[in-house]
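Per TrEMBL, the features are:
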type     : residues                               : note
TRANSMEM : 103-123                                : transmembrane segment
BINDING  : SER162, LYS168, GLU169, ASP198, LYS339 : UDP-alpha-D-glucose binding site
ACT_SITE : ASP198                                 : active site
BINDING  : LYS340, ASP364                         : Mn(2+) binding site
REGION   : 462-484                                : region 'Disordered'
COMPBIAS : 468-484                                : compositional bias 'Basic residues'
ACT_SITE : ASP604                                 : active site
TRANSMEM : 675-699                                : transmembrane segment
TRANSMEM : 705-726                                : transmembrane segment
TRANSMEM : 738-756                                : transmembrane segment
TRANSMEM : 791-811                                : transmembrane segment
TRANSMEM : 823-841                                : transmembrane segment
TRANSMEM : 853-871                                : transmembrane segment
Amino acid sequence: MEKPFVACHVCAIYPVWPSMCYESMSRKDGFPGSFSMHLLSVTQWFLRVICGTSEPGERGLYGWKMKAMSKNTAPMSDGHKFCGLLSFAFILHYRLTNPVKNAYALWLISVICEIWFAISWILDQFPKWLPVNRETYLDRLSLRYEKEGEPSQLAAVDIFVSTVDPLKEPPLVTANTVLSILAVDYPVDKVSCYVSDDGAAMLTFETMSETSEFARKWVPFCKRYDIEPRAPEWYFSQKIDYLKDKVHPSFVKERRAMKREYEEFKVRVNGLVAKAQKVPDEGWVMQDGTPWPGNNIRDHPGMIQVFLGHSGGLDTEGNELPRLVYVSREKRPGFQHHKKAGAMNALVRVSAVLTNGPFLLNLDCDHYINNSRALREAMCFLMDPNLGRTVCYVQFPQRFDGIDRNDRYANRNTVFFDINLRGLDGIQGPVYVGTGCVFNRTALYGYEPPLKPKHKKPGFLSSCFGGSRKKSSRSGRKDSKKKSSKLVDPTLPVFNLEDIEEGVEVIGYLSFVLAMLIFLQLSSKGTGFDDEKSLLMSQMTLEKRFGQSTVFVASTLMENGGVPESATPESLLKEAIHVISCGYEDKTDWGSEIGWIYGSVTEDILTGFKMHARGWRSIYCMPKRAAFKGSAPINLSDRLNQVLRWALGSVEILLSRHCPIWYGYSGRLKWLERFAYINTTIYPITSIPLLAYCTLPAISNIASIWFISLFLSIFATGILEMRWSGVGIDEWWRNEQFWVIGGVSAHLFAVFQGLLKVLAGIDTNFTVTSKASDEDGDFTELYMFKWTTLLIPPTTLLIINLVGVVAGVSYAINSGYQSWGPLFGKLFFAFWVIIHLYPFLKGLMGRQNRTPTIVVVWSVLLASIFSLLWVRVDPFTTRVTGPDVTQCGINC
C-alpha cells in the first residue's frame with residue numbers, strides 16, 4: 001500500500017522524506033521541483049530504475065508526482081518515419097530514372113510536385129518526434145500560495161478581450177465571455193478584465209455597462225454552487241442533469257431565479273442591438289446628452305471606463321468583484337493602427353499603468369472560460385520555482401461549441417491541436433495560436449530569459465528570486481563572446497513592488513522612477529552616478545524603447561507587478577489615456593521588438609516566433625476539462641475566408657525579414673522548432689503542386705509498387721499519430737479532406753494575394769469572421785450560401801475530374817480490353833480528388849441539394865475553356881512527324 005502524500009512543513013509543496021524534505025534535496029542535488037510534470041515513457045523508465053527505492057510500497061523519488069503512461073499513448077517511433085522517407089526516396093528515384101518521353105512536360109511537373117510534397121512532409125514530421133503529456137497539481141499550488149488566514153500569494157492576471165464590430169461579433173457573445181472571466185475561480189483582487197473595443201461602438205460600451213450590473217448577481221451564484229461553465233448562455237443551454245452533485249436545498253429555486261434574470265438581461269442587450277441597427281443622422285448620444293466620442297470610428301479620442309473594481313461597487317452579497325475596464329484606443333487619420341496587434345499592444349500599456357499584473361491572458365470575444373480553474377492550471381507552470389522564469393507563455397488548445405456532428409469542414413482541427421502542438425511541447429514549446437494563451441509580461445517586453453548556469457544548477461531561492469532581465473539586442477551577435485555579453489547577468493539588481501513603494505514614500509513617485517531607471521542602467525555598466533551623459537542616454541534609451549511615459553516605463557521594472565499605493569486613480573487614468581494615443585508608438589520598439597509584432601495579419605505566429613528566437617520556451621497545457629471554448633465558422637464561405645486569412649499571414653511572414661528560414665540564427669531557437677516555424681510559413685505554397693495534381697489526373701499514368709508503398713507508409717504514420725494522441729480516424733480523415741479543399745482554394749489565393757501585397761503594395765483587407773449565434777435552428781449557418789470567389793477553383797476541379805472519369809471510361813470501352821489497365825491508375829487519382837472534395841460538394845449544394853447557379857456557370861465555363869485548350873494545344877504529347885506531302889505526293 002502506498003503512503004499518502006504529506007506536505008513538508010517548510011516548503012508546503014514537496015513530500016516529507018525520511019531524512020529531509022524534497023525541497024532540501026532539490027537544493028542539494030539539483031533535482032527539479034515543480035507543480036507540474038511532463039511525462040515521457042523513456043524518462044519515466046529511467047527515473048523508476050535509477051531513483052527507485054528498496055521499499056516495495058514506495059515508488060521512488062519521483063513516484064509521488066508521476067503517473068504511469070498508458071500503453072496506447074506511446075509516441076511514434078523513428079523507424080516508421082524512416083519508412084516514409086524511404087518510400088519517398090524510392091518513388092523519386094523511380095521518377096527521375098524513368099522519364100516519360102512522349103509526355104516529358106507532364107513528367108517534369110509531376111517530379112517537381114513530388115519533390116515539394118516530400119520536403120513538406122519531412123518538415124511536418126520533424127516536430128512530432130518528441131510528444132509530451134503534462135499533468136498539473138492544483139492542490140500543491142494552493143498549499144504553497146494560499147495559506148489559510150493569509151492573503152493569497154498567487155500572481156495577478158490581466159485578461160484581454162478584443163472585439164471590433166458588434167454587428168459581426170454579437171454583444172451577447174462578448175458579454176458571456178466577460179461574465180465567465182469575472183466569475184473565474186481565482187482571487188478577485190488578482191483578476192482584471194480589459195475589453196478592447198477597436199470599433200469605438202457605443203453598443204459595446206452600453207453592453208459592458210449592462211454586463212457589469214448583471215455580474216453582481218451572476219458571480220456570487222457561480223461561486224456559491226461551483227457551476228461549470230460560468231458563461232450563462234452555455235450553462236443554461238446544457239442538456240445535462242444540472243442537479244447532479246448539487247445537494248444544497250435552495251439550488252433549484254435560485255437557479256430558476258437566475259435563469260429569469262439572465263433572460264431579462266438578454267432582452268435588454270438584444271434591445272440595444274436592435275436600436276443600433278439604424279444610426280441617427282446626428283450620431284449617437286449618451287444618456288447624459290453628450291455626443292458619443294466614437295461616432296467617427298476613424299477619428300476619435302481614446303476612451304477608458306472602469307465599470308467594476310475597487311471603486312466600482314460590490315456584488316449582491318457585499319463581496320468585491322474583479323476589475324472590468326472598457327478601452328477604445330485613439331484613432332486619427334494618417335496614423336497606422338495595425339489592426340488587432342495594435343489593439344493588443346494598447347491593452348498591454350493600459351493594463352501596465354492601471355493594474356500591472358505580471359501575467360496576461362488574451363481571449364477572442366467568442367472564447368469563454370469553460371474551466372473556471374484555467375488560470376490556476378497556467379500558474380502551475382508560470383509560477384513554478386524552477387521552470388517558470390524561462391516560460392514565455394502557456395498555450396491551451398482551442399475547443400469549439402456549435403459544430404455539426406460530422407465536423408464537415410474540420411473546424412475542431414484536432415490533428416493540429418492534439419498532435420502537432422503536443423509534439424512541439426517536447427522541443428521548445430507550441431506556437432502561439434492567437435487566443436487562450438497566458439503570457440509572461442516580461443517576455444512581451446522583449447527581454448531575454450534568465451541564463452541557466454552551466455555547471456551549478458540554481459537552488460530554490462535563486463530560482464525564485466535571483467537573476468534579472470536584460471533586453472534583447474536588435475542586431476545579431478557576431479560571435480560567441482559577443483553573444484555571452486548580451487545575455488542576462490544574474491548579478492544585476494531586481495526591483496520588487498515593496499522597494500518601489502518605500503522609495504515613493506521618500507522621494508516621490510516620478511523622481512524615484514527616474515532614479516531607479518538611472519540606477520539600473522548604470523549598475524549594468526558598472527559606472528558611477530556622476531556621469532551626466534550616461535544619465536541622459538539612459539533616459540533616452542528607455543523612452544525610445546517603451547515610449548514617453550515615465551509611469552509605464554517604471555511598471556516594466558517591477559518584477560512582481562502591481563502599482564504603487566501612493567499613485568492616485570485620477571493620475572493613473574490620465575496616464576492610461578496617454579499610452580493609448582495614436583502617436584505613442586512612433587519611434588519606439590513597439591511592434592518590432594516589444595509586444596505583439598506587426599507585419600502580418602497573423603500576428604500571433606510572428607509574436608511567438610520572436611519569443612522563441614530569444615530563447616524562451618512555451619508550454620502546452622491540456623487539462624481534462626477544456627480551459628476555453630469558442631465558436632467556429634460552420635458556413636463554407638466563412639470557413640474558407642478564415643483559412644485564407646491564416647494562409648495570407650503565413651505568406652507575409654515568408655516574404656518578410658522575420659522569415660524563419662533566415663531570421664534568428666544568432667539567438668537560441670532550436671533547430672526542430674525552426675523547422676516547425678518554416679513549415680508554418682511555407683505550407684500555402686503547397687497549393688500550387690496540389691492544384692497540379694488535382695487538375696491533371698493523367699499524371700497517374702505511371703503507377704508502381706513504390707507509389708503504393710508511399711501511400712501505405714503515410715497512412716501508417718497517420719494511424720500511429722492517432723494512436724498516441726487519441727485523435728479519431730474520422731477526425732484525421734476530415735482534416736485530410738479539408739487540407740485539399742483549403743489547398744486548392746484559400747491557400748492558392750493567399751499565395752497570389754501575398755505576392756501582390758509584398759511586391760506591388762496592393763493590400764487586401766481581411767473580413768472579421770462572423771460569430772453570430774444560431775437562433776433560427778440547428779446549424780442554419782451550415783446550409784446558408786454566401787458567394788465568394790474561393791468557391792470557383794474547387795468546383796472547377798470537381799467538374800474536370802468528373803468529365804475525365806467519363807471520358808476515360810468511354811475511351812476504354814471504345815479501345816478494347818488493352819486500355820483498361822492504364823485506366824485504373826488514372827481513375828485512382830480522379831476519384832482521390834473527388835472523395836477529398838466531397839464535403840465541399842455537400843456544402844455547395846446546401847440543404848436543398850442544389851448548387852448555386854453562379855458557381856455552376858463560372859465553373860463550367862472555366863472547365864470548358866481548360867478542356868478546349870487541352871484538345872487544341874495538347875502540350876504534353878510529343879507529335880509523330882511523318883513524310884513531307886510535297887515530296888512524295890499522292891503516294892504518301
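Every residue gets a Cβ built from N, Cα and C, even glycine.
The structure, with features from TrEMBL marked on it.
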residue	record	Cβ contacts under 8 Å, 6 or more apart
SER162	UDP-alpha-D-glucose binding site	SER196, ASP198, LYS340, ALA343, MET344, LEU347, ASN362, LEU363, ASP364, CYS365
LYS339	UDP-alpha-D-glucose binding site	ASP198, VAL601
ASP604	active site	VAL431, TYR432, VAL433, GLY434, TRP596
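Long-range contacts of the transmembrane segment (675-699) within its own chain (CB-CB distance under 8 A, at least 6 residues past either end) are made by residues 103, 106, 109-110, 112-113, 116-117, 120, 123-124, 126-127, 420, 424, 427, 431, 605, 609, 612, 647-648, 650-651, 653-654, 659-661, 740, 743-744, 747-748, 750-751, 754, 793, 797, 800-801, 804, 826, 829-830, 833, 866, 876. Under DSSP, SER162 (UDP-alpha-D-glucose binding site) is assigned to a strand (E or B) in the three-state scheme. In the three-state DSSP assignment, the secondary structure recorded for LYS340 (Mn(2+) binding site) is helix. For the binding site of UDP-alpha-D-glucose, formed by SER162, LYS168, GLU169, ASP198, LYS339 according to the record, the largest Cα to Cα distance is 16 Å, rounded to a whole number.
Residue environment of ASP198 (UDP-alpha-D-glucose binding site) contains 22 other Cβ atoms, counted within 10 Å of its Cβ in all protein chains. For the binding-site residues listed here (LYS168, LYS340), the lowest count of other CB atoms within 10 A around the CB belongs to LYS168.
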